[in-house]
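Novice: Feature list, courtesy of Swiss-Prot:
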type: BINDING; residues: THR10, GLY11, SER12, ILE13, GLN38, ASN100, GLU102, GLY178; note: NADPH binding site
type: BINDING; residues: LYS101, SER126, GLU127, SER151, HIS172, SER185, ASN190, LYS191, GLU194; note: 1-deoxy-D-xylulose 5-phosphate binding site
type: BINDING; residues: ASP125, GLU127, GLU194; note: Mn(2+) binding site
Amino acid sequence: MQRVIIVGSTGSIGTQAIDFILKNRDSFLVVGLAASTQTSLLREQAQVLGTKNTAQGASEAAELIEATEADVVLNAITGAAGLLSTYATLKTGKRLALANKESLIMGGKYFLDMTTFKGQITPVDSEHSAIAQAMKSGKFSEVNKLILTASGGPFYDRESLEGITLKDALDHPTWNMGPMISINSATMFNKGLEIIEAHLLFGIPYSQIDVVIHPQSIVHSMVEYKDGSVIAQASVADMTLPIGYALSWPNRALNAVRPLEWGARQRWDFLPPTENSMRSINLARRAGEAGGVYPAVLNASNECAVEAFMAGKISFARIIHVTETVFNLYTKQHTNRESAKNPIEVILEEDARTRELAKTVIENMSAD
């Protein structure tokens, strides 16, 4: 029986995790729940699961993690708000089922150095879960490259990104996700973040991490080995599988999703990223290779741009423009530097500094 804490329990990943746990109650006991919004749903979840320990807000979620005995924490919080929960999980030696990629991207090497056992960070992202499974087929020294697949989002074939509404951007062709990640998928910025995440989780150089468009979202990612073999993980597009894999690690979850129908006629396409999507991907590579606080700065720049789009302050076409502008301004004004402060304090300070810079950029852009 694994004791589980779920932070971000009322969001897309959190609710799917609870559905999975309710079908596997002999294997999991939820000992803590936390969310930032939807208080009534949080109370309902606690009642259904028989969970006494609940918290609301990012700081309270981290406190809950530190104060509660548990085996695994599912961090399903969206965005930079998940940083403190990842920190608290690693600090207390619990296993981390990580859906909140932003926290790892922000914490980088500092968080990796905090791990105390192999598998302490188990990815929930379908792409990284796929890679983790495919890498069991060979030695690290035998890996030639990682190939992250992407659906391409709703606008892959669209030449112009002008006139795209919020409703359009939230309508993902394959996955049912929260608003922030849906928009990040539409701009392909999410894939850029996943490149940084893959580098951190698996230690593969950025030059050996590729992206390919796979509209069907059946092959979730691949590992190419030096002998020419390619090992892929394929399944129906259902987040229950990577959620179940992360919670059940090192074992596989039983009956997580239905198997693929191999007797049915089907088509798997693999296409190159478009010029529009490469802008996001290349920006993420640049931040990742620079390291230090730069990935956190990039993430904050993008979160502000997406929030501005959702608020109607900028167009969809300007999201990556704003992200790139803010990131470039920050890198011109500030450099990575050693600090005697706690790394978490430094990350939070630079995150806040970036958001102030983004606010000015967005206000000036809105006034044009």
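One is the number of the first residue shown, and numbering goes on along the chain from there.
Each residue, glycine too, has its Cβ placed from N, Cα and C.
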Novice: If we check Cα distances from GLY178 (NADPH binding site), which of the binding-site residues ASP125, GLU127, GLU194 wins as closest?
Specialist: ASP125
Novice: Among the binding-site residues listed here, GLY11, GLY178, which has the most company in the form of other Cβ atoms within 10 Å of its Cβ?
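Specialist: Counting every other Cβ within 10 Å of each candidate, the maximum falls on GLY11.
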Novice: Give the distance between the Cα atoms of ASN100 (NADPH binding site) and ASP125 (Mn(2+) binding site), rounded to the nearest whole Å.
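Specialist: A Cα-Cα distance of 9 Å.
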Novice: Please give the NADPH site's span as the largest CA-CA distance among THR10, GLY11, SER12, ILE13, GLN38, ASN100, GLU102, GLY178, to the nearest whole angstrom.
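Specialist: Of all Cα pairs among the recorded NADPH binders, the widest measures 22 Å.
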Novice: Write out, in the order they occur in the sequence, the residues of the chain not among ASP125, GLU127, GLU194 that have a C-beta within 8 Å of the mean position of the C-beta atoms of the recorded Mn(2+) site.
Specialist: LYS101, PRO123, SER126, HIS128, LEU148, ASN190, LYS191, GLU197, ALA198, SER221
Novice: How would DSSP class ASN100 (NADPH binding site) in three states?
Specialist: coil
Novice: Quick one: which of these binding-site residues, SER12, GLN38, GLU102, ASP125, have their CA within 10 A of GLU194 (1-deoxy-D-xylulose 5-phosphate binding site)?
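Specialist: For GLU194 (1-deoxy-D-xylulose 5-phosphate binding site), the binding-site residues whose Cα atoms are within 10 Å come to GLU102, ASP125.
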Novice: Restricting to the binding-site residues THR10, GLY11, ILE13, ASP125, which ones have a CA within 10 Å of the CA of LYS101 (1-deoxy-D-xylulose 5-phosphate binding site)?
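Specialist: Qualifying among THR10, GLY11, ILE13, ASP125: ASP125.
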Novice: For GLU127 (1-deoxy-D-xylulose 5-phosphate binding site), which DSSP three-state class applies?
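Specialist: The residue in question, GLU127 (1-deoxy-D-xylulose 5-phosphate binding site), is helix (DSSP, three-state).
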Novice: Would you mind ranking the binding-site residues SER12, ASN100, ASN190 by how many other Cβ atoms sit within 10 Å of each Cβ and giving me the lowest?
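Specialist: Looking at the binding-site residues SER12, ASN100, ASN190, the Cβ with the fewest others within 10 Å is that of SER12.
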Novice: Could you state the whole-number distance in Å separating the C-alpha atoms of GLN38 (NADPH binding site) and ASP125 (Mn(2+) binding site)?
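Specialist: The separation of the Cα atoms works out to 24 Å.
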Novice: If we check Cα distances from SER12 (NADPH binding site), which of the binding-site residues ASP125, GLU127, ASN190 wins as closest?
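Specialist: Smallest Cα separation from SER12 (NADPH binding site) among ASP125, GLU127, ASN190: ASP125.
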Novice: Between ASN190 (1-deoxy-D-xylulose 5-phosphate binding site) and ILE13 (NADPH binding site), how far is it from one CA atom to the other, in Å?
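Specialist: The separation of the Cα atoms works out to 16 Å.
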Novice: I want to check the contact list for ILE13 (NADPH binding site): same chain, sequence separation of six or more, C-beta distance under 8 angstroms. What comes out?
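Specialist: In sequence order, the residues whose Cβ lies under 8 Å from that of ILE13 (NADPH binding site) (at least 6 apart) are LEU74, ALA76, ALA99, VAL124, GLY178, MET239, ILE243.
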